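Note sheet for the following structure.
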């Protein structure tokens with residue numbers, strides 16, 4: 001039996017929170033020069049991608065404004081092309097895409113819970 005979408009959405013939020021925690025006080029230069037922060041955030045992006053892949057098709061179809069395929073594709077790239085990871089692109093994802101993802105996932109959870 002497939003888990004409720006809220007389980008996977010909460011996994012996404014947990015990973016987003018960890019990424020925010022790991023990078024909140026970092027400059028881009030600090031991030032780019034520190035493999036520990038890179039590895040920690042890449043792992044959380046992988047989890048976000050895996051959770052996205054497990055969301056029901058009906059949920060993904062209901063929220064087409066989210067680039068679900070791109071999120072899952074980022075996970076695949078990080079898993080399968082780990083020697084070719086563009087750390088600058090990871091930083092851009094953290095600063096540009098993660099905040100937007102957090103906002104929409106919170107809205108989706110509210111919608112699923114029946115809260116306006």
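A Cβ is built for glycine as well, from the same backbone N, Cα and C atoms used for every other residue.
Sequence annotations record features per position, and here Swiss-Prot assigns motif 'RX(4)HXY motif' to 75-82 based on similarity to another entry.
If you look up Swiss-Prot, you'll see 75 (among others) marked as active site. According to DSSP, residue 75 (active site) is assigned to a helical segment. There are 20 other Cβ atoms within 10 Å of the Cβ belonging to residue 75 (active site).
Taken from Swiss-Prot, the feature active site applies to 80 (among others).
Among the features that Swiss-Prot reports, O-di-AMP-tyrosine is placed at 82.
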